[in-house]
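As structure tokens, the structure follows; a few thoughts come after it.
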Amino acid sequence: MNENIAEKFRADGVARPNWSAVFAVAFCVACLITVEFLPVSLLTPMAQDLGISEGVAGQSVTVTAFVAMFSSLFITQIIQATDRRYIVILFAVLLTASCLMVSFANSFTLLLLGRACLGLALGGFWAMSASLTMRLVPARTVPKALSVIFGAVSIALVIAAPLGSFLGGIIGWRNVFNAAAVMGVLCVIWVVKSLPSLPGEPSHQKQNMFSLLQRPGVMAGMIAIFMSFAGQFAFFTYIRPVYMNLAGFDVDGLTLVLLSFGIASFVGTSFSSYVLKRSVKLALAGAPLLLALSALTLIVWGSDKTVAAAIAIIWGLAFALVPVGWSTWITRSLADQAEKAGSIQVAVIQLANTCGAAVGGYALDNFGLLSPLALSGGLMLLTALVVAAKVRITPMS
């Protein structure tokens, strides 16, 4: 029955893709991600200017992630039938306001308030991203549109820290956030001009968010999402000590490795739509299986710099399929409740990132250098098995 509802929901979709709106959404996402990670490269001048320690200043990143998790969970309950066009415009305005509040912050409290505004926009936008995408393009084009959005994310992740560091040294950290506010204004203008009216959820489709987990294969899917992202952060959070101590990379070498990873991630995201068109389930099971094998290879032969560098590239290519693949799964199998499913997905990912990094750090401190790799590889292997055995993918109509 649920599959029939999803089929009807997709049948009512758009006939032609609205690429201007898709790129507007992608630009907003890229700006949100860039601003989220700007403090990483500006912590020292921010801390000095505000008279706080770098550790305290780092909480400006933590509070954004914390607020984003709750925003993603409850945004669809709050906005209900409100036109999603106005909600996206509001998120773009919040992005701009956040940048200005941080730029003019004269206290740690105002800094946190500005970053909390960013968290509201970030979590809400991510929760709605899959449902927005499937309402802007025909069903057959959804994987391609999602790859555009996640491609923008990859670019933002690659350029955010180095761009912030470079500009901060020239114009100062406050003007970096002023420049980000200008990007926020551009987001508002682009969204206003390109995004069509997107009515909220009709009353007959209202359903408790967590009742979605009772649908066949959905709980398994969320568990697989948790394990794949926890596995990613269990390893990637500690890539610096692993690569510098295991493979013997210096700082410059590690920078090149991370740049290669970022480029590979962008390439993988760009081509993900072609893989997902052929088989979503194969991508969702095959990518973590390849990552599990990569972790094993790094454990056995990671002392070789060539092998370690190659694994970073393979990792970037393979993991790029994971976020696009799971968003595609939502648009296929939970099309009638895509917003609520997206809310749960984002909250699960935020929790997985936190747990993966925490457990990976504990393993590194107590069980040695290879333990985050072993943990990551084990989680990725379990993900592949759960997807293959339990996750259901609704065929594209």
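Cβ coordinates come from backbone N, Cα and C, glycine included.
The topological domain 'Cytoplasmic' annotation in Swiss-Prot covers 1-21 (among others) and is backed by sequence analysis.
Taken from Swiss-Prot, the feature transmembrane segment covers 22-42 (among others).
Positions annotated as topological domain 'Periplasmic' by Swiss-Prot, on the basis of sequence analysis: 43-54 (among others). Non-local neighbours of the topological domain 'Periplasmic' (43-54) in the same chain are 60, 105-108, 111, 168, 172-174; each lies 6+ residues outside the stretch with a CB under 8 Å from one of its CB atoms.
Below 8 angstroms of C-beta separation, residues 36-37, 39-40, 43, 46-47, 102, 108, 111-112, 115-116, 118-124, 126-128, 209, 342-344, 346-347, 350-351, 353-354 of the same chain, each at least six residues beyond the ends of the transmembrane segment (55-75), sit close to that stretch. Under the heading transmembrane segment, Swiss-Prot lists 55-75 (among others).
Residues annotated as topological domain 'Cytoplasmic' in Swiss-Prot: 76-85 (among others).
If one looks beyond the transmembrane segment (86-106) by at least 6 residues along the same chain, the residues whose Cβ comes under 8 Å of a Cβ in the stretch are 25, 28, 31-32, 35, 50, 60, 79, 113-115, 117-118, 120-121, 124-125, 128, 132, 174-175, 177-178, 180-181, 184-185, 187-188, 191-192, 195. Residues or ranges marked as transmembrane segment in Swiss-Prot: 86-106 (among others).
Nonlocal intrachain contacts for the transmembrane segment (108-128), taken as residues 6+ away from its ends with a CB within less than 8 angstroms of a stretch CB, comprise 28-29, 32, 35-36, 39, 46, 50, 52, 56-57, 59-61, 63-73, 75-76, 84, 87-88, 91-92, 94-95, 97-102, 339, 342-343, 345-346, 350. For 108-128 (among others), the entry in Swiss-Prot reads transmembrane segment.
The topological domain 'Cytoplasmic' annotation in Swiss-Prot covers 129-147 (among others), and the record cites sequence analysis as its basis. When averaged over the topological domain 'Cytoplasmic' (129-147), pLDDT in the model lands at 85.
The transmembrane segment annotation in Swiss-Prot covers 148-168 (among others) and rests on sequence analysis.
Here the topological domain 'Periplasmic' (169-175) has long-range neighbours at 42, 45-46, 49, 103-104, meaning same-chain residues at least 6 beyond its ends whose C-beta is under 8 angstroms from one of its own. Positions annotated as topological domain 'Periplasmic' by Swiss-Prot: 169-175 (among others).
Away from its own ends, the transmembrane segment (176-196) comes close to residues 18, 20-21, 23-25, 27-28, 31, 34-35, 38, 42, 85, 88-89, 92-93, 95-100, 102-103, 136, 164, 167-168 of its chain (Cβ-Cβ under 8 Å, at least six residues beyond either end). Per Swiss-Prot, transmembrane segment is recorded for 176-196 (among others).
According to Swiss-Prot, the topological domain 'Cytoplasmic' annotation covers 197-215 (among others), on the basis of sequence analysis.
Annotation comment: Swiss-Prot describes 216-236 (among others) as transmembrane segment, evidence class sequence analysis. Nonlocal intrachain contacts for the transmembrane segment (216-236), taken as residues 6+ away from its ends with a CB within less than 8 angstroms of a stretch CB, comprise 2, 242, 284, 288, 291, 295, 315, 319, 322, 326, 329, 333-334, 341, 344-345, 348-349, 351-353, 355-357, 359-360, 363, 372-373, 375-380, 382-383, 386-387, 389-392.
Residues of the same chain lying 6 or more positions beyond the ends of the topological domain 'Periplasmic' (237-255) and with a Cβ under 8 Å from any Cβ of it are 298, 302-305, 307-309, 312, 356-357, 360-361, 364, 369-370, 372-373. Per Swiss-Prot, the feature topological domain 'Periplasmic' maps to 237-255 (among others); the stated evidence is sequence analysis.
Under the heading transmembrane segment, Swiss-Prot lists 256-276 (among others), citing sequence analysis as support.
Within the chain, the topological domain 'Cytoplasmic' (277-281) has long-range Cβ neighbours (under 8 A, six or more residues past its boundaries) at 143, 325, 328-329, 332, 387-388, 391, 393. Look at Swiss-Prot and you will find 277-281 (among others) tagged as topological domain 'Cytoplasmic', backed by sequence analysis.
For the transmembrane segment (256-276), same-chain residues at least 6 beyond its ends with a Cβ under 8 Å from one of its own Cβ atoms are 143-144, 146-147, 150-151, 153-155, 157-158, 239, 243, 249, 282-283, 308-309, 312-321, 324-325, 328. Distant neighbours of the topological domain 'Cytoplasmic' (129-147): 10, 13-19, 21-22, 25, 29, 84, 88, 196, 198, 269-273, 276-277, 324, 327-328, 330-331, 335, 338-339, 341-342, 345, 396-397; these residues of the same chain sit at least 6 beyond its ends, with a Cβ under 8 Å from one of its Cβ atoms. Using a cut-off of 8 Å between Cβ atoms, the transmembrane segment (148-168) and the transmembrane segment (306-326) share at least three residue pairs, counting only pairs 6 or more apart in sequence.
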